[in-house]
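Engineer: Starting off with a structure, shown below.
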Amino acid sequence: MQRPDMSVAVAGIKMRNPVMTASGTFGYGAEFADYLDLESIGAMISKGLSLKPKAGNPTPRIVETPGGMLNAIGLQNVGIDAFIEQKLPYLKNVNTPVIVNLYGNTLEEYGEVAARLDGLAGVAGIEVNISCPNVKQGGIVFGTDPGAAQEVVRLVKKNTSKPMIVKLSPNVTDVVVMAKACADAGADALSLINTLTGMAIDLERRRPVLANVTGGLSGPAIKPVALRMVWQVGKAVKLPLIGIGGIMNGRDALEFMLAGATAVQVGTASFLDPSAAQRIAREMEQYLADHNIESVSSLIGALEL
């Protein structure tokens, strides 16, 4: 048998395999070049970028938990202008699609960051993080309010012709409602899930471990929740889905594809093993070869009930 066909496409972004790196776990890409071949993975996603540089939250802001970790980094980043000037030139020379994750604390901020990216060579697409508080609306998170999420998606769509992936929060009553809202507003693809809100407590000090008190839970602990949400959304909307949440090996990734994902993102695994994304792509291909499966795309949504 020939080598399995590992290629997939998400919203017109063609990838050599379904493995993408999750925003905030892979720096700006160059930081991982010593640990894996950047041209062995499907796509790279940048840290979340805002209009202006952001320092993030005070420390401690990461803590290990059973089956995962909590982070309260606070979306620290260099800002969109510094990314374009200092980070993007390196990435343009890597033959792997670069997707820029962006966020804002106001509707206008989302629109402005998207506009800066429009027409930029070297940016294959954008991923919109809607898990941010709307400072003009009392801090309600965009991604928990269907109306607010739609406003963001519509404005970003208006300001850029790049393919747009919208990253969904799991911290909602019904993820399908949010998925449909984003799809109706013009999203080209959906990625899910972002982190679940959690906290850790230091019993001896009787204080929260994180300076921010709460943080985002990621890692294997959230995988069953993520799989369920991908499956639910896949039945409800006709957009390509990217599965995220606790993917540590090739089998995990393929489970997300059976649930309905076209591609996956590897995040927390990269902290434990900086070459995780490349290894997972290799493990997926090996599974297909071992089971005489010709194409990875044949597994998308192939869950049998």
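Backbone N, Cα and C define each Cβ position, glycine as well.
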Engineer: Going by Swiss-Prot, S23, K47, G48, N101, N129, K167, G219, G245, G246, G267, T268 bind FMN; tell me which of I193, I293 is listed for that site too.
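Structural biologist: Given S23, K47, G48, N101, N129, K167, G219, G245, G246, G267, T268 bind FMN in Swiss-Prot, the matching entry from I193, I293 is I193.
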Engineer: With the substrate site defined by the record as K47, N71, A72, I73, G74, L75, N129, N194, T195, how many Å span the farthest pair of C-alpha atoms?
Structural biologist: 16
Engineer: Is it possible to get the count of other C-beta atoms within 10 angstroms of the C-beta of N129 (FMN binding site)?
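Structural biologist: Other Cβ atoms within 10 Å of N129 (FMN binding site): 25.
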Engineer: Could you give the maximum C-alpha to C-alpha distance in Å for the residues S23, K47, G48, N101, N129, K167, I193, G219, G245, G246, G267, T268 that bind FMN per the record?
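Structural biologist: The two farthest binding residues have Cα atoms 20 Å apart.
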Engineer: C-alpha of G245 (FMN binding site) to C-alpha of T195 (substrate binding site): distance in Å?
Structural biologist: 8
Engineer: For the recorded positions A72, C132, I193, which one has its C-beta crowded by the most other C-beta atoms within 10 angstroms?
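Structural biologist: When each Cβ's neighbours within 10 Å are tallied, I193 tops the list.
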Engineer: With the cut-off set at 10 Å between Cβ atoms, which of these binding-site residues ends up with the most neighbours? Options: G48, G74, G245, G267.
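Structural biologist: Per the Cβ count within 10 Å, the most buried is G245.
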Engineer: Measuring Cα to Cα, tell me the gap between A72 (substrate binding site) and C132 (active site, nucleophile) in whole angstrom.
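Structural biologist: It is 13 Å, counting Cα to Cα.
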